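A.B. asks: Okay, here's the structure, questions in a sec.
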Amino acid sequence: MSGPILVFDSGVGGLSILDEIRRVLPDQNYCYLFDNARLPYGELEEQELIDGCEALITATVAQLGASLVVIACNTASTLVLPVLREALTIPVVGVVPAIKPAALYSQAKHIGLLATPGTIKRSYTHSLIQEFAANCQVELYGSSELVLLAERKASGKQILQGEIAQLLSPIKVSGIDTLVLGCTHFPILKDEIQQYLGDGVLLLDSGKAVAARVSTLIKEESTLNKRQRKGHSKEMIALYTSEVGEGLKKLLAEFGFSTYSKAQTG
């Protein structure tokens with residue numbers, strides 16, 4: 001395997017995952033593919049999501065010769081992983097909500113899961129709760145609006161604390177001491193969420209766990225060349241399915257992307 005690592009999401013949320021991966025694998029080539037034409041994924045019908053993701057990702061893997069795929073989207077991971085693993089011959093890594101560590105860290109054994117409505121309703125999510133948090137009271141909060149707020153912030157627009165409060169007020173009064181950010185968009189708003197909920201609520205996401213898994217797979221395949229220059233990846237490509245504004249292009253440039261263009265969708 002010598003091609004780029006392909007990181008996929010519906011929008012810019014997966015950049016939080018890519019950031020963690022680059023910390024442990026700074027010398028790899030990366031492609032960030034985001035399907036912003038169909039954002040937010042939490043509102044899509046299951047089969048529409050599966051078919052669209054499979055077509056887009058497999059086409060991009062073939063085009064770039066990608067070495068590994070990261071589905072940096074909780075909603076897509078709950079549905080698309082089995083299909084992609086059957087269709088592709090390279091490793092495919094998904095994102096799992098950090099329910100297990102939340103159950104371990106929670107002192108009150110009262111935790112919350114904040115995710116898209118799609119992730120909240122999946123049987124996979126409820127199986128995780130039964131397996132890893134059976135000893136906890138678990139509150140479920142679904143929000144697509146928070147995804148769009150994260151996209152706004154990423155494009156350079158201001159997010160008002162009142163907007164956060166309007167969406168998260170049920171969480172603030174719930175009494176939880178640990179909140180799982182079960183959508184990769186939500187770490188973009190981590191500072192705003194923490195400020196609103198207060199220091200008494202621990203926020204957890206899956207970024208570091210995904211990065212560790214990717215690092216293990218890459219090293220197992222002996223693709224990490226330790227003689228490469230340290231501190232910067234060699235190539236950063238961004239592909240999108242719908243045109244992006246100047247604010248988002250600026251963010252991509254600041255993130256280190258040298259090339260960004262529309263993905264080939266068929």
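Keep in mind that glycine also has a Cβ here, set from the backbone N, Cα and C atoms.
From Swiss-Prot, for reference:
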BINDING   Asp9, Ser10, Tyr41, Gly42, Asn74, Thr75, Thr184, His185  substrate binding site
ACT_SITE  Cys73  active site, proton donor/acceptor
ACT_SITE  Cys183  active site, proton donor/acceptor
A.B. asks: Between Gly42 (substrate binding site) and Cys183 (active site, proton donor/acceptor), what is the CA-CA distance rounded to a whole number of Å?
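C.D. replies: Counting only the Cα atoms, the answer is 10 Å.
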A.B. asks: State the count of C-beta atoms found within 10 angstroms of the C-beta of Gly42 (substrate binding site), not counting that atom itself.
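C.D. replies: Looking across every protein chain shown, the total is 25.
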A.B. asks: Count the Cβ atoms, other than its own, that fall within 10 Å of the Cβ of Thr184 (substrate binding site), considering every protein chain shown.
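C.D. replies: That number is 32.
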A.B. asks: Excluding near sequence neighbours, so keeping only residues 6 or more apart in the same chain, what lies with its CB under 8 A of Cys73 (active site, proton donor/acceptor)?
C.D. replies: Phe8, Asp9, Ser10, Gly13, Gly14, Tyr41, Val95, Cys183, Thr184
A.B. asks: Excluding Asp9, Ser10, Tyr41, Gly42, Asn74, Thr75, Thr184, His185 themselves, which residues in that chain have a Cβ inside 8 Å of the centre of the Cβ atoms defining the substrate site?
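C.D. replies: Along the chain, the qualifying residues are Gly11, Gly13, Gly14, Pro40, Cys73, Ala76, Thr116, Thr119, Val147, Cys183.
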A.B. asks: Give the helix, strand or coil assignment DSSP yields for Asn74 (substrate binding site).
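C.D. replies: Asn74 (substrate binding site) sits in a helix per DSSP.
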A.B. asks: Please work out the number of neighbouring Cβ atoms within 10 Å of the Cβ of Asp9 (substrate binding site), leaving out its own Cβ.
C.D. replies: 29
A.B. asks: Going along the chain, which residues six or more apart from Asn74 (substrate binding site) have their CB under 8 A from its CB?
C.D. replies: Val95, Val96, Pro97, Ala115, Thr116, Thr119, Gly182, Cys183, Thr184, Ser206
A.B. asks: Whole number in angstrom, please: the longest C-alpha to C-alpha distance across Asp9, Ser10, Tyr41, Gly42, Asn74, Thr75, Thr184, His185 for substrate.
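C.D. replies: Site span for substrate, by Cα atoms: 12 Å.
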